Amino acid sequence: MRAKASEVHNKDCVKVAVRVRPFNKREQDAGSRCIVSMASTSISIQDPRESQNRRAFCFDYAYWSHSGFVRDHRGLYVPEEPGGRYADQNSVFQDLGEGILENALQGYNATLLAYGQTGSGKSYSMMGYGPNKGLVPKLCERLFQAIRENQESGQCQVFFSMLEIYNEQVVDLLSRGSRNPGGLRVREEQQRGFYVEGLRMIPCESAPQVEQLMEQGTRTRTTAATHVNANSSRSHMLIILQLKQIFSKESTTKQSNINLVDLAGSERQRSSGSEADRLKEGTAINLSLTTLGNVISALADVAVGKRVVHIPYRDSVLTKLLQSALGGNSRTVMIATLSPADICYEESLSTLRYAERAKRIQNRAVVNESPTERLVKELKAENARLLQRLSRMGQEGRRASEETKELRQLLTHNELQIRAIQTLWEQHLQEALKDWEQQYATLTQERRMMQMHPYILNINEDAQLSGVVKLFIQEGEWIIGLFDSSQRSISIKGLGIQERHAVFRNEKRRVTLTPLPGSKVIVNGNAVYQTTELQHLDRLILGSNSTYLFIGYPSERGADDWSRYDYDYFQSELAAAEGIHLGESSAGSNQTDPSLLAVFYDYIKLMPMVAEANQMSQELNKGVEFKLEIKNLALSDSRGHDLQKDIVVRVTSRGSKQVWVWSKAKFVNRKFLMEEVYQQFQAEQREGERAEGLSAVALPREKDPFWDPVEPLLLGMAHLWLQSLAFHIPLEEQLEVLGSEGTEEAILQAQLVPCTSTGLPLGEDDILIDPTEVLGRRLDFQLVLDQCCGVRWIKEARNRGVQIGFRLFDCSQPLYTPAVWHNINPLLDHRVHFTSLCTSQRLLDYLQSSAVVVELWGLQEGCTSLSSSLEAVKMTAEGTFIIDEPGPPETAAAGSGLSGSIRALQRDLEELRSVNVSLRKENQSLREQLNSAKNGEGVRGRSMRPSCDAEFARALKVFYHSMTSVRAQLQRLHRHRPSEESDLLGLRLFVDEQSRLLKDFSEQLEQSVSTLKQDVAAIVRRKRERSGIWS
């Protein structure tokens, strides 16, 4: 249900609309779940991890574009049924676009802001795709239609401007000349407010002219993004339509600005306080969006009556230009777009919160009168007075020739001024028409070439910028690269592009591509080094990340739709070549783990950024290499549950062998800082000011985005299961320390030793059959770390060291072994004694179901070793670490009756303990008496008297040791995977090996269980025999 536009736009508060898009292909393939629901103008979102947690929001408009639509014969997406809930492009325009247009025609400034994460549908809502035109082209069509309908009442003039804000620099997308390296300046005048100095404003007479200018601006934006290595999802695009209406009869002029703003992607970085970067956060790349949020929050506080000292309009370029749209002289609409997929929950919730704050803002819109028209009226009035004076002078017959001459000169000057003002519009229009004719001729030539020759077209992360640049491959040999002085060259720019990068040959209607030495060329996800024949719709990546789609001769094209080969397709293809892919769904399930899907998306999103960072490092001679890794891919917690997976970037200095591991958020931040350094380096190269090895490259270390102080690195983990401690059975294991991606980092020899309070190991007689016997009693054990063997970290560089860290039960801080340096097989010989003074059920459950996670930490020269923090650790008088300390009594909160019951139970427990101790003493005494009484029976008698408990204990000990090897075999089965490059023979070998491992596992398990059965049967049999004798 939607309110009418005329009702809504008469008020000056910011109006907010929310639109939910359909699942994209990736979300469909992964079986994503919809977590957004909508009723009338309210929208709710469900936390996928906690189904009971739902957040509800209410807005001025809510558009359901997720489902319930079909594509008709014209290619338009329309509701499946008449009156269906699906909101198409026309519905959105009727509510939002018509209101904006109505305000502009009335003389008000109007602004439309599109906000949302990258890929949430902002550009589709604003610009549209194919026949499904968005708000901007529809608004232009309706504007000129309204102008034609009102021709008789007055003259209308429309000026069009298009600009981009990237990294706090303003770029005129319609500029004729070369780009100013620092961008255009934003200035302020008391009457105009903030404006862009030198921004080109082009007069337009029709919607096709505006459409042509938008195409030109998009082409410029694409080219500029390639040249400066910019990320289009991080840039803001502003389209400004200046409408001037001159009403001759009323002698009035209404002038209004329509600002159409496509904001940068609002995706959140999943970062915590521990990931804070030592360098400035976000850099200028995020400043505008961050400041916009601060402005909206401040204005929202003002709207609800809070006192706000300062609204930070001046803190960024974007907020300066949008000052009138937010709390100023404008009528403003915001459309917030979001994905309904469960994996986008955090970003979608953030968007909804942002939009909720924005709807509180109130503006002060007024009708604008043009100062130019006021000047014309004043000049005409002055001319009328001059003519009147001249007429009176003539009637009086005076011969004041000098005064008459002066008056006529003044009259002529005023008339020239009026004529100049009135003809300025016609002159601008004629210049614009000449430009438009030239562009139309260029476009016609391009379309003719498309029907004659093969070509490559650009693919951009922003779908609106894809397919804009077309590079034609005519017959003969063509060199592609930075080199452009030859007539047979195709000039491109971008990171990693060489002067002469590759050669295209078009001979006999066959096109081949030959990489030149030192250049990077990838075809369909695989690097090529020799001549390769191209097929229609082949995917090319030149340099670090210049992506193109090859379009063959018209006879090869058929009805192929190249739109499915989007930017993500290129990156997914690259990831698959590296062995990173989602894989096929298992039989009977088409659902992919959302956490894995999110990691996959992050991986393919960061791949081009890592390639660009490596290229910048190479060109700036930094000697630093970046590599993507999946954190916790093969690791689990103390209960064996998978740890949350995330993307990290491993940074390695090739010279010093120093290594850093950066979080995704930190790397993205550093990447933009690297871009600033690289652009400064390029600017100095162009100006010829660069001295060899100096300038932008030689930054102080503390300001260098390629460098960080070294820190200890987590190399891998191993699990030492604690179940044997519940039975007082010692355990000795060789643990495989696995890296984050499943690689073997080292072998660790470790022991668990049940012991007395003084540290003496317990004997077989102390082994328990029933673990609950430890409840309420003191439990002591030692964790012994003997030695690490084959440490891969130190194999790679001998100047490194290692430490072992671990945390047990409720210990708040980890404990660490002393650092050991320069040894591939470091001897640790580290022993830690733990004590539970009164074993609780919670500790017993922990021992029976959990493992101590042993962490292997890598040290490098210059970093401080890890130390154990003992502030919160309590110790016994013997110097052992206390775990499972009894918590504070809960009797105070429970009432007197409950506290009395607890005290009574505690007394009973103490009595039972004392009885148990006395019975044990009596049992020991009887045993000694029995031994002395039957001392003459010899060996046969002694062999029948061993304790059944001890025999059970020995049998269990054997069983636990055998199960250790069974568990190791199971882990090997889990890690056993076929190679991505395996052919049919390789797969057969893998199946044979898998069958052998399964057989070994089955035999070991069967043997362990069979041995236990036999031992138990023998113990029972002997017990019966003894019972017969002793009876």
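Each residue, glycine too, has its Cβ placed from N, Cα and C.
When TrEMBL is compared with the stretches 62-89, 426-453, 958-985, the one noted as coiled coil is 426-453.
Range annotated as coiled coil by TrEMBL, chosen from 167-201, 377-411, 902-936: 902-936. Within 8 Å of the centroid defined by the CB atoms of Gly116, Gln117, Thr118, Gly119, Ser120, Gly121, Lys122, Ser123, the record's ATP site, lie the Cβ atoms of Arg21, Gly265, Thr337, Ser339, excluding the listed residues themselves. Fewest other C-beta atoms within 10 angstroms, among the binding-site residues Gly116, Gly119, Gly121, are seen around Gly121. Among the listed binding-site residues, namely Thr118, Ser120, the Cβ with the most fellow Cβ atoms inside 10 Å is that of Ser120. In this model, the domain 'Kinesin motor' (13-361) carries an average pLDDT of 83.
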